[in-house]
Each structure stands twice: as C-alpha cells, then as structure tokens.
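Okay, structure first, notes after.
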Amino acid sequence: MHSNVFVGVKPGFNHKQHSKKSRFLENVSSHSPELPSNYDYVLLPITTPRYKEIVGQVFKDFQRQSIQNWKPLQIPEPQLQDICIPPFNVKKLDNDDTPSYIGLLSSWLELESRDPNVRDLGLKVLLNECKYARFVGINKLILAPPRDLSNLQLYGQMIYRLLQNRIVFAAPALTISISLPLYEDSDPLATWELWNTVRKQCEYHPSLTISLALPRTRTPSYVLNRWLAEPVSCLLVSSSIFASNQYDYPVLHKFNQNLILKFQKVNGDSQILGNELCVILHGMEKYANNVKGGESAYLEYINYLLKKGDKVLNSNSNHQFLLQEDSRIMPPLKPHSDNLLNSTYLTFEKDLVKYDLYESAILEALQDLAPRASAKRPLVILVAGAGRGPLVDRTFKIISMLFMDSKVSIIAIEKNPQAYLYLQKRNFDCWDNRVKLIKEDMTKWQINEPSEKRIQIDLCISELLGSFGCNELSPECLWSIEKYHSHNDTIFIPRSYSSYIAPISSPLFYQKLSQTNRSLEAPWIVHRVPYCILSSRVNEVWRFEHPMAQKDTVQDEDDFTVEFSQSSLNEFKIKHRGEIHGFIGFFSANLYNNIFLSTLPNDSTVRLKFSEETLMNTRREENLIKKCDHTPNMTSWSPIIFPLKQPISFIDDSELSVLMSRIHSDTEQKVWYEWSLESFIYLMLSNYTSAVTAASMTIPRSIVTDDTKTLAHNRHYSATTNQKLDNQIDLDQDIENEEEQGFLSNLETGWQSVQDIHGLSETAKPDHLDSINKPMFDLKSTKALEPSNELPRHEDLEEDVPEVHVRVKTSVSTLHNVCGRAFSLPL
C-alpha cells in the first residue's frame, strides 16, 4: 500500500556561510554527516542572506530617489551567489533515491506592512524566488505566516496577488504552503481562524495549502478533526517535541503518534493537485548529543512510525478497497431514469458484506414464510431491480439450503435492456431457467391489468437504496409493488430505511466545486473527500417503511394515501466556531428483524426524529438518542453532501436550524430535495437600557468583559492546567508501551517551531523596513478589536436586575434547489 506520506529534513547549517559566496547544498550529508539517506525531501531556502542584503540596498536607493528622477521599484533576480539550491542535479533521473527539494520562501519580507512599497518589494521578491523554483523543478514552497495579525487582510491580499501570477498558476502549478502551529493553548482554533481568513480572501485557491507545526501538548480532538479536512501539505516536526524513552532514543508521545497516523489515514485526499503529504524534521542538530543515535535516530524513528502506520491501515480491508480509487465528487445515480453501466454493476457487486447481510435477511424471511409454502401453492419471490442478478444468486443459495426448491417461484424484474441480457445468460447458465424474467419498469408492471390477473408476491427483495436512502426513488418504486402486487402478509426486504444529516466543514469539497463551476445547489456523492462534522449529533430527518400502508384498513386500493414528500426542521448545537460548507447525508436500513446496515460514521450519536410513538413516552428525550456505527467493511455507498452556495461562518456555542425537504410532484413528474439554514446564538442579557443591550451584542468574541456574558462560555484548553476537554479523544490506546523519560529541552511553542523552520531565530528583521522592534508573530494584537464605546459596569447598575435569554439570529442562507432547478429525479 502506498500511503502518500513522505519524509523530509531541514539540515542544520549556518545561513551566514552563504552570504559572501555560493556554497550549494548538493546533499544534506555534507552538512549533517550523521544523517542516513532514508528521506525523500530536503527543505532549503531558495535564496541566501546575501540576496536579502542586495534587495535591502536596492530598497534604500529607491527611497532616496528624488521626485524628478523617480523610477519604479525594480528588484533584481538572484544571481548564482544568491541561491541555496543549485540550478543542477535537483533530481537525478538515474537515481530514484536522490531526495527532491522543498523551497523556503524568504521569511524577512513584510507582506502585511502598511507601507505599499514594502508590500510591493515583498511580492516582487517572492515572484523572483517562485520563478527560480519553477526553473529547477521545485513545486512546493513554504511561506512564513504574517507577523502582525492586525494587518492580516493586507497579508492575504499579497498572497492572492502571488497566486494569480502566471509564474505560480501556469501548469504544472506551484503549491504555496503557509506555515502555522497546529494549535495554541490559549485559543486552540486561533491558527485555524488565521488560515481560514487568508484562504477565504484567496477564494479557496487550489495552489494554497497549509504546513502545520506539531504541538508539544495533546491536541484537542475537535481541533485535529478540523485540520484533517484541510489541505495540509506538510507536518513540521521539531526535535524539541520529542521525548526520550528508557533507552535514551528519541520518541514522540503517543498523542502525536496518533496525530501522524490520522494524517496518514487521510492518505493524500486533501491534496487537490496530487501533492503528497510530507513529514519534515527540523532542529535535529540541537539535541543530537542528548539522545542515543544522534541526528539519524530522529529520522529512523519517523520512518519506523510511518511504516507501522502503513501496516495498521493495510490490515483494514475497507481502507485498502478505498485506496484503489481516487478521491472524486460525483452526481447521484438515477437508476430509475438512466440505465447503469456494466462497470457500475460490477463495482457494487464487489461489496460482499452488503450481500451477506441480504442473505441473512432472506434466510430469516423464508424461515418465517416456510410454514405456508407448498408445491401446490409455492411462495412467490420478487427481486425488484435485479440488475445483473447478485440477489437472485443469494436467493437460490438460501432456497437450496432450506430444501425449498419445489416450494418457491422466483421472478426478477429489470428495466435496463443491457442488464436484462446478462440476466438471460445467468438464467441459462446458473439458474436452470427457473427464474421468470420480466423486462419492464417495476412502477408500470401490470398496473393496467385486472386485479385478479396480477401476480401477488410473498417476498419482495430490492436494493434500490441510494447514499441518502430514498434518493434513488425506492419509496416510489416499492409503493407500486405494494399497491398492485402485495397482500397483507407480504414481506419487504428492506423493511425500512432512515435518512440522516449533519452540518460539515469540507473546504476541499467547496473548492473542487467552485473551481470546476459545478452546481452548488445540487447534491453530490463524495468519495474519499475529507470532511469534518461540526455538530455533536447526527439527526434523523425521516423514515420510510414497507409496507407503507395497512391494506386491512383500506377498502379500495385507490384510497391509499402515502406521503412521499417529507420535511424536517433540525436543530444542531455547535460548540466550536467554524465554517459550514453544507450538510452530509447518510442512511441506515432495517433489512429484516434485527439485521441492519448503516453508512453512518462509527460512534455516531444520532438524534431520532420525533414521532407519534415517542409522544406518549415520558422519557422520550432519552429514547430519541442512540449510538450508531458504520457497517464494517461495507463499500457500496459513499456519503452525499447537500452544499451551500456560500459558506456560512459561526462563532462558539452557536445553534443551527436546518430545513431539509423531499418534494414529490405528480404534476411535474419528479422528485427533488430543498434545503436551507439559519444560525443563532443565545445571549444572557440584563434587562436595562436598549443602548447597553445593543452595544453588548456587538462586542467582538475575543474581548471578554464583566458586562458581557454568553450563555455558554468559551472553554479553552490550557497547558498550565491538568484539565482535559470533555469531548477529547483518548489517543493513548493501541500504541506500543514506551516509557518516556521526559522532554529533551525547555518548552518550545508552535510559533517558535515555525520560526525555527524559517530561520527567524537566527536573523534580525532589516531595520530599513521597520525600525520598531516588535515580536515576529504578534497573535495578541487587538488594535482592530477594541470596542469604541465603554459599557457601564455592573456596580453602576441596579442590583438584582432580571436576566433575559435572547436568541439572536446571526446568519441565514437561501433556499437551495427550489423546484428542483439544479437537480431532480424523474418519475
């Protein structure tokens, strides 16, 4: 199995040695002789400090020029002495073991400067470096994050201008990856929010990715899940986050082992342009003398970890099957109106787990029906939508097992003329022509015949379920069978099926649809496209059961009333801020008795739809919640996503109200889905002047005062306490029991790791660009966040003022796919 995860190193060397003359790093061993050659990439700066000095002098000259002799700023391209990566032997074609390069773009630039000339200088330097990288065949470049977040929009503007330049987007496109810590203790989603702001400014550009510096402390599960759905191209692993085991070898703590395994499991799905994920080690030379094995021990450990992860994933047959196919977004199938291809049937028939479950259901159903079967009055079994006959095969197997060959009559109905030919061949070769084949649409079968001439069936078996359960018209198709061909004791397999939705963040899904101009109002089937479910629960939206009507309560078949149209209002509570790109859909089905299949994610908490059955139950709320899992190793269905035309952002402790409708129109002869969204927050307000209320409702999230409190407070993960988040995953299971003796160095934050990657701890900022000595990355800047009006303090107000809970609407979407204008299913 190929995991698409590679290993890179940033060699330890002194940048100053390149400032006077060229000293190319033709191999890392010349600078780190302790390193073995078992790595795939070398991370090096594109240019040397010498180039920085040249550019600085050019900028000084530009600032000194007079108005009369003014000329636009011209930044020279780097010369031979100004580059770290040689213009030759970047990739030796005759030696696949030679590592490739990942480039570091200049980190001394101030892309967010308020001085337009400084920003212009930065952009021109980046374009020069990108031009050289393209020439020597480097396609992945890592960029330093902004230094001052109060000017983040200026930074994003320059990044987008860089991405829009032909030097970057011309095929094969370059990948620009912004380096950031995976999370901060004080605000775990702060770096994700930074990334999301820049990414949105750049309109989800496919060439923009993220490189994450692994933390030293355990990552909260909701933060990790958010990043797993993002286009992460590099994991930056500092030697400072390693511990030493009982043998003094460097090892990662178990939570970081699992973190890497989870990214390994994503398996390159997040790489839109096919760029593989790379784990980059850096700072190994700092602590080489403190561990056994020196620098090479770090590299050998990471390689061991990835190989172990490959074995774990390779042992999962379902994961192996998924790896055989590329990630893709597909329109839902319409088997009722379109004829499926032979290759589609073949793919579905490979899912032995599904057919094993069907076989078990058929066995139990025939055992229940057996007492009324005889040679004079054989049981009639209908396989509705037989396709190429896999369910007929399983039915014959059960009949032989129960010795009911003479007591059963089998009918297979299929409208696809090509599949019908296949059934004819199977009937002759395998079924001894004992199956009655009917080439017709099941919704029209014998509907014009007198009732006494219609075939009545005892068992109806079908596999008409789509990714959302009802989205391939199973209710409509089986209703025709029920109405015209069933009696009171007819058994249907499946007996019922439910549809479920949950709000998700899936930036790659949104990016792919946006870049290909595909409809954001139509539902899509997603295969191996990462997503993050934002709510704590998945909601059941509706359920269909068969039989759909009780015949013994109806005198005339024309009196049957069945609700094919369904609507559901769903409430979701979302604890952590984020952005919604749509709703993901799953289904579960009860085939017969206690035999179920499910496409819900493992360990899902499901809120069942409120029904009349629960109305009289005094403990109905408890009975509406249950745990569900995905049927192990079942591969027939991928999830369906109902997208939003515009992503919607929300803050911590938000509530969503989602309308999901299934519309069946006999007038227009089609079925379609419509959906929309509203978001809310709850505020706890004191009942005093409206001016104070209005002011308190506009306080930014990051400003917390004594006068403003939300109903549910933000809960931050803190490294200074031993508190663990309630919903945090315990990642310590199923990992080798390694005794860790402690960290190798003093505490190093994720931001320091990012600075180390870019060499910012060694070089000072040029004084001609900014004379103010401020931090490299100022995450605590709140210039733009200070409230303009000071609120009155509680001591100035009346005591014991009653509090009011206010539900405030924060956003609303349009109604999507109105009247089926983007997607519908013909009846």
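The first residue you see is number 1, and the count goes up from there.
Each residue, glycine too, has its Cβ placed from N, Cα and C.
Per Swiss-Prot, the features are as follows:
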ACT_SITE  GLU463  active site, proton donor/acceptor
ACT_SITE  GLU472  active site, proton donor/acceptor
BINDING   TYR345, LYS354, TYR355, GLU414, ASP441, MET442  S-adenosyl-L-methionine binding site
DOMAIN    329-675  domain 'SAM-dependent MTase PRMT-type'
MOD_RES   SER317  phosphoserine
MOD_RES   THR614  phosphothreonine
SITE      PHE348  site 'Critical for specifying symmetric addition of methyl groups'
Indicate the candidate from GLU414, ASP441, GLU463, GLU472 with the smallest number of other Cβ atoms within 10 Å of its Cβ, considering only these recorded positions. ASP441
In the chain carrying TYR355 (S-adenosyl-L-methionine binding site), residues 6 or more apart in sequence that have Cβ under 8 angstroms from it: GLU349, PRO390, LEU391, ARG394
LYS354 (S-adenosyl-L-methionine binding site) to GLU472 (active site, proton donor/acceptor): how many Å between their Cα atoms? 17
What does the structure give for the C-alpha distance between GLU463 (active site, proton donor/acceptor) and GLU472 (active site, proton donor/acceptor)? Integer Å is fine. 10
Expressed to the nearest Å, what is the distance separating GLU414 (S-adenosyl-L-methionine binding site) and PHE348 (site 'Critical for specifying symmetric addition of methyl groups') at their Cα atoms? 16
What is the separation, in Å, between the Cα atoms of GLU472 (active site, proton donor/acceptor) and PHE348 (site 'Critical for specifying symmetric addition of methyl groups')? 15
From the Cα of PHE348 (site 'Critical for specifying symmetric addition of methyl groups') across to the Cα of ASP441 (S-adenosyl-L-methionine binding site), what is the distance in angstrom? 21
Recorded S-adenosyl-L-methionine binding residues, TYR345, LYS354, TYR355, GLU414, ASP441, MET442 - maximal Cα separation rounded to whole Å: 24
Expressed in Å to no decimal places, the gap between the Cα atoms of PHE348 (site 'Critical for specifying symmetric addition of methyl groups') and MET442 (S-adenosyl-L-methionine binding site) is 21
Same chain, 6+ residues apart, C-beta under 8 Å of the C-beta of TYR345 (S-adenosyl-L-methionine binding site), given in sequence order: GLY387, ARG388, ALA419
GLU414 (S-adenosyl-L-methionine binding site) - helix vs strand vs coil (DSSP): coil
